[in-house]
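Note sheet for the following structure.
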Amino acid sequence: MSEPIEKPVEKPGVEPVSDVKDTDPAKKDQPVLVSTTKLTKTQSETLKKLIDELPQILEETGDSSYDEIYGYRINKSGLEHVHDEIRNEIVLKFLIAEEYKFEEARTRLINTFKWRKKFQPLSAAYSETFDKELDDLGVITKYDGTNENLHVVTWNLYGNLKSPKKLFQKFGQDDKAEKEGSPFLRWRIGLMERALSLIDFTDKSNSKIAQVHDYNNVSMFRMDPGMKAATKEIIKIFGDNYPELLSTKFFINVPTIMSWVFTFFRTIGLVSEDTWKKFQVLNSGNLATWFGEKNLPKAYNGSNDSTVESLFASEAKTEAPEYAKIMIHKAALDID
């Protein structure tokens with residue numbers, strides 16, 4: 001029932017930002033394009049080339065007017081609503097995902113623009129409403145004072161899934177007459193988009209989100225075929241269109257008998273050491289070490305004498321970015 005392990009991406013040459021000033025004269029004239037990652041000269045040049053190529057990239061999507069990713073305008077500098085720093089950081093994520101290979105990153109960007117125009121994830125996030133059965137499966141929280149990139153969290157509460165077969169019969173089928181994808185898929189993508197509105201792409205400590213997958217009272221041996229198909233589709237979409245946005249993925253209340261699966265994947269090389277570092281596989285629900293006791297209900301070893309459902313009471317308020325609102329309005333006019 002978990003979203004399966006994504007294909008690992010190695011990130012050679014990426015180092016954390018350092019306070020030590022670079023005194024190399026050959027690097028003084030290099031533009032500082034991003035603040036979250038220290039780039040080599042070659043990496044910086046490749047990023048600049050990719051940014052400069054954006055107008056042509058947009059032309060190749062078939063609709064250059066759709067220039068939005070995660071609610072921000074991704075286009076050339078000087079245009080209204082283009083925030084250079086945010087744009088650069090988003091483009092960098094696509095470049096890192098392709099190991100700084102220009103052509104591959106360029107193709108990934110083209111495909112993401114196309115997918116976003118077709119799927120309309122902003123509508124799923126901010127315009128559409130979903131059945132309570134779906135809304136009860138996930139929630140977004142935001143915590144202050146937690147460790148780096150553990151501030152924004154999406155919770156996947158599979159224990160609230162009472163009847164997987166019935167739910168996926170009801171919400172797991174595509175309804176192409178209305179929107180692209182099934183209601184479940186649109187709900188899940190919408191959850192992700194809303195979570196991304198809470199991060200700061202230019203802040204090294206808050207430029208990614210964390211995910212929690214809670215398997216309490218869930219059988220991992222009997223997964224509904226509809227859920228398997230939906231999970232596979234979600235992983236493909238996330239892998240292609242949401243690169244470098246996950247800091248840590250917590251798998252909690254995992255039955256001991258299933259814990260070996262994660263270790264096995266690592267042993268045979270399906271999970272790189274870099275990707276493995278993002279995983280926390282726990283037999284319990286104790287998350288206090290990462291998110292703090294005061295933020296959590298008792299079920300997660302928190303100090304709050306409340307149930308898991310109390311997370312919904314502390315759900316983070318999300319708002320569409322400025323340019324997202326413009327694109328949502330434009331899409332509505334196009335439909336009319």
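Glycine is treated like the rest: Cβ placed from N, Cα and C.
The feature region 'Disordered' is assigned by Swiss-Prot to 1-32.
Marked as compositional bias 'Basic and acidic residues' by Swiss-Prot: 1-30.
The domain 'CRAL-TRIO' feature in Swiss-Prot is assigned to 144-308; the stated evidence is sequence analysis.
DSSP assigns Lys249 (heme binding site) to a strand segment in the three-state reduction. Sequence annotations record features per position, and here Swiss-Prot assigns heme binding site to Tyr158, Arg188, His213, Tyr215, Lys249 based on similarity to another entry.
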Maximum Cα-Cα separation (Å), residues Tyr158, Arg188, His213, Tyr215, Lys249 listed as binding heme:
17
Check the DSSP secondary structure of Arg188 (heme binding site), expressed as helix, strand or coil.
helix
Pick out which of the binding-site residues Arg188, His213, Lys249 has the most other Cβ atoms within 10 Å of its own Cβ.
Arg188
